[in-house]
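One structure is given below, encoded as structure tokens.
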Amino acid sequence: MVRFGLTVVRHGETRYNKEKILQGQGVDEPLSATGFRQADAAGSFLSNVKFTHVFSSDLLRAKQTAAAILGKNRFCKDMEIKYDARLRERKYGVAEGRPLADLKAMAKDAGEQCPSFTPSGGETLDEVRERAKDFFEFLCRLAVELEQKEHGKPGAPGRSSGTSGEQFVFPWTNHCSEAEMSSEGGRSSTVLDANILVVSHGAYMRNWIGYFVSDLNCTLPENLTKSQLSSVSPNTGVSHFIIKLENGNLLKPKITCVCLNQDSHLVDVGAECVASKVF
């Protein structure tokens, strides 16, 4: 069985986030001073996690966040960040660079509601989901290939043999859900074939997680409310998942959400931690 960890982080705050102006893909704003502090705080929160791969949207706010997180990491300071356009924010077309209120007005004029409304030149939610699905399937193939390579080495027991789980240290009390612990036992639940960090964007992440839940039946924390599930992550909010592929089957991944939009690391940053629905 292939098993990998997936940690997804939203980028830090930009000036446009604070001013409630849509960025999408066409406005490539850098992080604000607050955004850099948030990214550093996320990096400190994840500093003891040994990632095997790091991917980021190729938009500046995500790239700067990913670099700041790695800069605080005990193990991954020199790891290459791979930039992928599939992780970009949803494209908002003519609404990019304009206040969120304008998008809501466009939607109202069209007899629709946000976020399902698609402005002229923008991406539909289905198109965003297709990007997210394509990227996730790429990650699954990557994890399978890693596991196969490990087992193919002469005399190598492989990561999944139970000898290397200790290298994946998470900032949560236990990165495994109670269901996993009871079904597999604590020892085997600590072993991962890969541990992947992804830095992306609010609307994209909400859509991606929606795909996990509605299409792939992702198991959610028991205390998670519907409003929390549908909310946009706060800047540098952290979500963590464990993905299992029985017999390397890419078609039926079993996904467990350990935490969603975790933001405890922002308490001392002095920034507003409530999720702002500005992308």
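Numbering starts at 1 and runs along the chain as it is shown here.
Keep in mind that glycine also has a Cβ here, set from the backbone N, Cα and C atoms.
Automatic prediction, not curation, is the source of TrEMBL annotations.
Straight from TrEMBL, the features:
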ACT_SITE  His11  active site, tele-phosphohistidine intermediate
ACT_SITE  Glu89  active site, proton donor/acceptor
BINDING   Arg10, His11, Gly12, Glu13, Thr14, Arg15, Tyr16, Asn17, Arg61, Glu89, Arg90, Lys91, Tyr92  substrate binding site
Neighbour count, 10 Å Cβ-Cβ cut-off, for Tyr92 (substrate binding site): what number do you get? 27
Could you tell me the C-alpha distance between Arg90 (substrate binding site) and His11 (active site, tele-phosphohistidine intermediate) in angstrom, no decimals? 14
Pairwise C-alpha maximum, in angstrom, for the residues (Arg10, His11, Gly12, Glu13, Thr14, Arg15, Tyr16, Asn17, Arg61, Glu89, Arg90, Lys91, Tyr92) that bind substrate according to the record: 20
Around the Cβ of Gly12 (substrate binding site), the count of other Cβ atoms that are within 10 Å: 30
Counting across all protein chains, other CB atoms within 10 angstroms of the CB of His11 (active site, tele-phosphohistidine intermediate) number 33
State which of the following binding-site residues has the fewest other Cβ atoms within 10 Å around its Cβ: Tyr16, Arg61. Tyr16
Looking at the binding-site residues Arg10, Arg90, which sits with the largest number of other Cβ atoms within 10 Å of its Cβ? Arg10
To see if you understand the setup: which same-chain residues, six or more apart in sequence, place their Cβ under 8 Å from that of Thr14 (substrate binding site)? Gln23, Glu29, Pro30, Leu31, Ser32, Gly35, Arg61
Using a 10 Å radius around its CB, how many other CB atoms surround the residue listed as 'active site, proton donor/acceptor'? 27
Between the Cα atoms of Gly12 (substrate binding site) and Glu89 (active site, proton donor/acceptor), find the distance and write it as a whole number of Å. 13
